[in-house]
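To start, the structure under review is shown below, and the notes come after it.
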Amino acid sequence: SQHQLNVTTFNASVMAIISLQTFAGIWINAFMVSVLCLAWVRKKSPNSNEKILLVLGCSRFGYLCITWVYFFLKIFYLCHFFLHSLPQLLAAIKTFLNFSNLWVSAFLSVFYCIKIANFWHSFFIHLKVKIDRIVPWVLLGSVLLSLGFGIFLYEKIDEGLCDNINCTTTGKFWKQNFKIHQHFFSFNFISGFGYATAFTAVISSALLLLFSLWRHKRKMQMKSLKNISMDAHIKAMKYILSFLFVYSINFICLVLAMIYTIEMGYAVTYFILFSETALPTVHSLILIFSNPKLEKTLLRTLSCVKCKICMRQ
């Protein structure tokens, strides 16, 4: 019918836009990971910042790939999507990569704050001294905790499917009275706590760095001086504030997805979908331009590609 044709055309248009965003994000994060891996092989001693960026790039690369596959199957192959263990498997992997992305990116803000901010509290000084040793353990803990969330979600979806899929009726895989909150209340509660914790860490890092910048600026003005620390404060502040803006939108989308779960309108669904694919791309691009090594390599790569295209023409 005409209505089905319009829906199919609309879904195809949305998927085309999402595919462009996703593939751009995949390329950007793959570029970041490849450059960091090559640098690791050459000098065999990456610093803490590069370790965090490497884990973050890998998690975002995987997250964008699995998100594209998940929504492609859900939009165009809905009848085959809810067969066997495919939905819970994809959702579990997506959750694992999403939580890894969230917590590692939040830890990156905390890392910048600890490295750059100047506070004379004994605990803060202890963190500043030990932060390089703490980084691998925090990254490992984030990955393992995210894996636990993925496994937990897999079990919850499996329970929901077993209780609510009508196996005798073809074409209708979900019952109309699907009680989603009964199966996912505990997961949503824990997920919400995890989202709030990561978001609080980002906000706290931004506020602490802003306070440190204000205090340092006032001290330098009294002495009529300007030093490298001031420039580092301002540069870090710009990137953390930009990340805070990106993270805030992402946090809103996660909360919306958690509240509505599967009973949401098209507007909310596609807003969340656009954000899920665009925000990791935007923030990774910000991180590349905040790193002189990555920025220089990216510009050199783009110039080489441009030269080759011009030569072919």
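Yeah, the Cβs are placed from backbone N, Cα and C, and that goes for glycine too.
TrEMBL annotations:
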TRANSMEM  12-41  transmembrane segment
TRANSMEM  61-83  transmembrane segment
TRANSMEM  95-114  transmembrane segment
TRANSMEM  134-154  transmembrane segment
TRANSMEM  193-214  transmembrane segment
TRANSMEM  239-262  transmembrane segment
TRANSMEM  268-290  transmembrane segment
Recorded stretch that, among 12-41, 95-114, 134-154, 268-290, has the most CB pairs under 8 Å to the transmembrane segment (193-214) | 95-114
Per the Cβ under 8 Å criterion, with at least 6 residues separating them from its ends, the transmembrane segment (12-41) contacts 50, 53-54, 57-58, 60-61, 64-65, 67-68, 71-72, 75-76, 270, 273-274, 277-278, 280-281, 284-285, 287-288, 293-294, 297-298, 301
